[in-house]
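Asker: First, the structure itself, so that you have it in front of you.
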């Protein structure tokens, strides 16, 4: 299983104070020196709430690890990434809503302009991945447009697992739609969400598409996904950075790697 470390929220801490620390390149080399991280993931959002254009340039220039850039189909971002001298190892196209706290679901594959953006990256020799819900129609869209990799949105699975097996439902930011569900309901919905991820990962494999997954994964809910042999990569960020605040980035990375690289 490949471990993609998302370092967005290291930069979030920097941007809160509009200062120079924490240094994104220091985080990059801490990750690299663990010898457990396979790629670095960043999300270049339209509102630049964390990662900035300059971060992209610096990372691509110096990174010894592959860089996966998440972004919307925004024309300015597409033009910027296509113009780069140092190319990312892949671009993962994600849905984006400026009012969202974090990505809320998979990509709408009927989105106007999506096909043109995929073509633009392919024309520059940049691999494209699509951040999608685990649905067969989305996989067929990927195959039809020569997209060789997808990342399944695991938010539904992760939220259900957290509600059932942690104290998430008793926290200040508990998800209201899950608070009133019984443990039996949560368990059934979680099982169905897991089965859907497993089915679609297998479907992707038979289509010749590499299946990755990410969103909301943490040190508890990630373990079950290791039972899906067709999954090849997990992208994890917030939970690792959250733990790093308490125990340090190196230790946080190593603890996650110990779980997913068994």
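Using the three backbone atoms N, Cα and C, a Cβ is placed for every residue, glycine included.
Copied straight from Swiss-Prot:
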type: BINDING; residues: 6, 17, 216, 237, 238; note: 3-amino-2-oxopropyl phosphate binding site
type: BINDING; residues: 8, 9, 45, 50, 102; note: 1-deoxy-D-xylulose 5-phosphate binding site
type: ACT_SITE; residues: 43; note: active site, proton acceptor
type: ACT_SITE; residues: 70; note: active site, proton acceptor
type: SITE; residues: 151; note: site 'Transition state stabilizer'
type: ACT_SITE; residues: 215; note: active site, proton donor
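I'd like these features described in context: how deep, what's nearby, how far apart.
Answerer: The DSSP secondary structure for residue 216 (3-amino-2-oxopropyl phosphate binding site) is coil.
Around residue 45 (1-deoxy-D-xylulose 5-phosphate binding site), the same-chain residues at least 6 positions away in sequence with a Cβ under 8 Å from its Cβ are 51, 71, 72, 96.
Under 8 Å, Cβ to Cβ, and six or more positions away along its own chain, residue 70 (active site, proton acceptor) finds 41, 42, 43, 44, 91, 92, 93, 94, 131.
The Cβ of residue 151 (site 'Transition state stabilizer') has 28 other Cβ atoms within 10 Å, all protein chains considered.
Counting every protein chain shown, the Cβ of residue 215 (active site, proton donor) has 25 other Cβ atoms within 10 Å.
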Asker: Work out the three-state DSSP category of residue 237 (3-amino-2-oxopropyl phosphate binding site).
Answerer: coil
Asker: Going along the chain, which residues six or more apart from residue 6 (3-amino-2-oxopropyl phosphate binding site) have their CB under 8 A from its CB?
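Answerer: When sequence neighbours closer than 6 are ignored, residue 6 (3-amino-2-oxopropyl phosphate binding site) has 40, 41, 42, 43, 214, 235, 236, 237, 238, 240 within Cβ distance under 8 Å.
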Asker: Across the record's 3-amino-2-oxopropyl phosphate-binding residues 6, 17, 216, 237, 238, the largest CA-CA distance in angstrom?
Answerer: 25
Asker: Please list residues from the chain of residue 50 (1-deoxy-D-xylulose 5-phosphate binding site) whose Cβ is under 8 angstroms from its Cβ, counting only those at least six apart in sequence.
Answerer: 8, 9, 11, 12, 15, 43
